[in-house]
Every structure is written in structure tokens, then in C-alpha cells.
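Enquirer: Below is one structure. I have some questions about it.
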Amino acid sequence: MLSPERALPAGTRPAAAALLLLLLLLRGAGAQKGDGCGHTVLGPESGTLTSINYPVTYPNSTVCEWEIRVKSGQRVQLKFGDFDIEDSDSCHFNYLRVYNGIGPTRTEIGKYCGLGFQMDNLIESKSNEVTVQFMSGTHISGRGFLASYATTDKSDLITCLENASHFSEPEFNKYCPAGCVISFADISGTVPHGYRDSSSLCMAGVHAGVVSNILGGQINVVISKGIPYYESSLANNVTSKVGQLSASLFTFKTSGCYGTLGMESGVIPDSQITASSSLEWPDQTGQANLWTPERARLKRPGPPWAASITDGYQWLQIDLNKEKRITGIITTGSTIAEYYYYISAYRILYSDDAQKWTAYREPGIDQDKIFQGNTEYYQEVRNNFIPPIIARFVRINPLKWHQKIAMKVELLGCQFSIVRAPKLTMPPPPQSSNDFSLQTDKTTSTPEIKNTTMTPSVTKDVALAAVLVPVLVMVFTTLILILVCAWHWRNRKKKAEGTYDLPYWDRAGWWKGMKQFLPAKSAEHEETPVRYSSSEVSHLRPREVPTMLQTQSAEYAQPLVGGSVGTFPQRSTFKPEEGQEASYADVDPYNSPVQEVYHAYAEPLPVTGPEYATPIIMDMSGHPTAPIGASSISTFKVTGNQAPPIVGTCNKLLARTDSSSSAHALYDTPKGMPVPGSSDELVYQVPQCVSHFTES
């Protein structure tokens, strides 16, 4: 078996050292890179480096050195994603060395070799400069290595080979180094659906526009359930492949400044889209086809914008009407199969006044950035600007195209927040012709800077409206509720005054109503009784009285149910149910079983009338007495000594005694009415068909 890493002390100088110096001399002065260098991106804060031919076997007799510099005052940390260097010669001819510093004064940190060696620990420098040296001699196998570096303040550094399946947390933050767009890593998926869990995290971050391949950056990853199919797309010079079902996927949390700026939606009017030239040509029918700048709206049907001249000086210009934060661009070709036109490479220029233009460049790069365009006429290709562009005017300058210059476009971004300098409360310095600077170090407190797109006056108005609107809504709601309640109470009052009284169980004083169901304690507590005269009712026909009463009936409340009642309740006009026998309780109770019962009813009570119904006065003197054996029925009862009727006959009328000392009657005198004492008293029909004799 091959041994793991063997770190040799700095003082050891094997014969391989002489060979290395000889190779460096043969390759010329300043052979810092050499012929053994693979993929290399050295950024100002992070980067990535690999051996030649990685991940396949590196060649024999190669050498490479990488000189890494970061900002002064910082230190460098080095992390290996893969390490596979053959150690058959005990690190004499195949090894990797790391040094503190650059040049002749550098000191060795360590010397490493081994096949499949797991270097989990970070290697840290003592200064802001590090030299990494790779040497290969004669060997049989070995992939080489892949390493990433960053400043020591990036404690969550990962390499370009890390994917989401290496982490168990549902959400995590990591730092991706620069240079993670590598040909031997794969990703599947796109924005916004997500990326397959087997995809490289940092390469997917570049594809999504979260980090820059030149600068690197922080990523915020969220793990969620996988989907059956992952689409393929081209973005930021990274092509994602089609992926199949996976158990999980990941997405990135961003600032949210990736909305469309109005080309597709029409927010940007046609007058604000101009071009250097436009293609105009007649079709087969002789009708003119105009491929004007306003046709360069993404996802709009029809032809695109096309230039009439095919050279590198053509441009398409978009006026955003005011400064915006522009974070990306999406382009397509002609989108028409008959016209296979598209732009494969272009530059981006921006301006605030459409007079002075600046070409977009990445930080630390002295050349204009060339954006990869389309590879066919219909596919959408996205490119992001990291850092974003702050401008009003944007120009697209095509550099390469297929057949003709033609495209549709959409800009991505958001509103630009202008941060105004805070006002200082310190007194103004003395006037001087040579001193124009403000002494900001004398400020006693840190000013508050608000990130808003509105002016201060608009902000105050919005704050005032946010307070007043809820208060006004509450006030109007309260007034409406008060009006509704008043209207409802008024209607209920009118309804109560215009109708007859409800039964006592429907009133608030339910206990008073319940007393009416209880039997009377004594007749002595009743009011002055009503007395009846038998002489005034002797001429009444028993069956004609109920017939006359039933011809003009009014609507009455339902009778009280259950129990024997001693007195009529106040203002009661209840109508008994048909076919039921009325029963009353008194000190002189009697039973009058009959086969048919007819009831007489009082007139409906007026609103301001007495509390009892008005007695019914009838003159039946002109009617003959019914023959013996006819059934005479009455619902009224009188008191006094009465002769027992003949069993089986019902034709005798009982008269009321004129003595004031007679027993009390069951019917009270209405309140507010005088006690009847004259001969012209009210006449009521007395019960008939008494089957047995009852003494008072």
C-alpha cells in the first residue's frame, strides 16, 4: 500500500530539490506557474487551483508554483477538496509544498504527499502571502489535487467539489471561493425551481447569479424536497444539465433584486428603446417587414430587433427613465425558425446621461467583460452583474453573431436606493480658501441612514397616513354601529306600541307571567265581583248567542295552557282552542260536562282602553225559549242559590241574585269601571246542561 502524507522538515534537502531548481532554470526565469499548473483562478480574497489534468493522472516531470497575495494585515487559509499524489518515493519526487511568503525569504510550512489522503485540517499562513509548489516525477498513478483558499475571516470556507448531500442541515451558510466554474463539475436545475442535491454548491451559485466566479462570495442554501425533473439552462457561462428525480434539492436565498424592469411588461415605452440601425426588407408578398427596436421585448410574439448593418459598432439602447439597480440581463435570438439569427457574445455599456458611456468590467480586471450570448435562436440565456450596475441608460453592443444581429432582451433589477449623506449638527468650521473638507470625526453619534426609495417628505406623509387611516376607519365604524342600533331600537318600540301585548312568558317580567298559571289563594283578595241578573237573560236562546259571537271574530292570542286560573290576567284577550272545555276555579267550583262547547269572545282591546275586555250586551228578549231537550251551552257561570236543573234538560236560565252579600263571582270588574249596581246591569249567559246539583 502507498503511505499517507509524509511531512518533511524544512531543513531536509533531498536530491529532488536540486532537480526542481534545475527544472525551474530550464523553464526560464519567473517560472512561477510552470507546466504543471491546472485550473487556476487567483482572486483578491479567494481562489481555486488544481494540478494539471485534474481529475485524471498528472504527467511526469512537471512543476508549478502559485503565488497568492491577499490584503495586507490578513492571513491565508488553504483547504484541499481532493488530494491524490503518489508517494512511492517517500515525497522525494512527487509532493506538494506550502510556504509562508513569496520569494527567497519564504519559509516552509509543510511538504505533503499520499494517495487518497484526507486533509481535513486547514493550512494557515502567518502573513498575507503564500507560495504553493507542486512537483511531479516518475509515477504510475495519482489524480493530483484541488485546493481553495480564502482569508482567515471566512471561517465557513468550502471547496468547489462540495455538494448539498455533504450537509445534513436544512439551511446553512457557506463561503464559496473564486474559480468554481470547472469543467469536471456538473449541476442540474435552474432558477427558481432549484438544483439537484448532487450539484456542486458553488458552481450552482454562479449559475444562479448569487456569487461571481471571479470574486466568490457567501451563499445561503435551503434544502427541500426533490422534484421529478430538472431543466437545463445556460446562465453566467455555466450550462446546467437535465436531471432526473432526486430525494432533495437546494435553492439560494437572495436579496430579491432580480425582478424584470419593464421590457416584457411594457412599462418601458417604445420611445425609450432605440438602436443604431433597424432591418427593413420586403417579404414575398411585397409587404415591408420592420424589425425595429421596440420589437426587442422578451417573450413578445413576432420578429425581434435586428440591425441593418452587421458590424461590431451596432447597439441597442434602453432608457430606464431614472437610475436603477441592474443585476442581470436575459437575451434570446430571433425566436423564429425561418430566421436563425442570434448574438453569441456582447458587451454592456451604461451611462447616466447617454453621453458618457462606461463598459462593464469585473473587479480587479482591466479588460471589458465579454458576456456569453445565445447558442441558438430561441433559448433564453441569463447573465448577472456582480456587482450590479447603477445607471439609467444601458447599451448592448454585439460582438459575435450568427448570420445577422438580432435579439430580444429583458433587464433584471430593482429600484435604486439613494443614501444621502447625514447632516452634521456641529458648528461650521471657519471659512478658509484652502480647506474644503468636513471634519466628520467630531460627530457625537452615529447618524441613522434609512434605505428607502422615497424622499423624506413622502416618508412623513406615508407615516401620517398610516396613523390616520386606521383611526378614521374605527370612528366611521362606530358611528355606523350607533345608527344601526338606534334604528333597530326605534323599530322595536314602534312595533311594541302598535300590537297587542305578548303572552307573559315573552315579556321581561317572566315571573309575573308565571304567577298567572298558579291557582288563586283566596277569593277575598279579588276585586269587587261582577253580578249578573237572571231576569235580563231569561229571553236568550242558548245556541244563538255563540252563533252571533262567532260571526265577527278578531284575532286573539292563544289561550293559556294548563292549570286552573282564579282571575283573568290583565288586558288578556286570549282565544281558547276550538273543541276544548273552559274550566275555572273558584270557592264554589262546579263541573258542567257538555258534549259541545261554544265560546263567546270580547272585542279586541284598544291601546288606551281598560285592562279587561268589555262585557258583551245582547238583547235576546224577542227570541223564544228553546224546547225542552235542546242542548243549550254557555261558557259563563253565576253565583248564588240556584235550583238544580232537571237531569237531561238544558232549557232553564239561572238568574243572578240582587243581594250584595252573595258569593263572589269568577269574573272581576274591569279596572276603572264602576261596580254595576243598578237594574240595567250586564247580562251574561249562564252554563246549561248541569248534570248534577252543586251548592254554593
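Any Cβ shown, glycine's included, is placed from N, Cα and C.
Heads up, here are the entries from TrEMBL:
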- 432-452: compositional bias 'Polar residues' (COMPBIAS)
- C37-C64: disulfide bond (DISULFID)
- 37-152: domain 'CUB' (DOMAIN)
- 154-250: domain 'LCCL' (DOMAIN)
- 257-414: domain 'F5/8 type C' (DOMAIN)
- 1-31: signal peptide (SIGNAL)
- 462-487: transmembrane segment (TRANSMEM)
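What's the neighbourhood like for these features in this structure?
Expert: Neighbours of C64 (disulfide bond), defined as other CB atoms within 10 A of its CB across all chains, total 23.
Assigned with DSSP, the residues of the domain 'CUB' (37-152) fall into helix, strand and coil as follows: 0 helix, 61 strand, 55 coil.
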Enquirer: Please list the DSSP helix, strand and coil residue counts for the domain 'LCCL' (154-250).
Expert: 11 helix, 38 strand, 48 coil
Enquirer: Sort out the sequence-distant neighbours of C37 (disulfide bond) for me: same chain, 6+ apart, CB within less than 8 Å of its CB, listed by position.
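Expert: Sequence-distant Cβ neighbours: L49, S51, I52, C64, W66, F134.
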Enquirer: Between 0 and 100, where does the mean pLDDT of the domain 'F5/8 type C' (257-414) sit?
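Expert: Mean pLDDT across the domain 'F5/8 type C' (257-414) comes out at 94.
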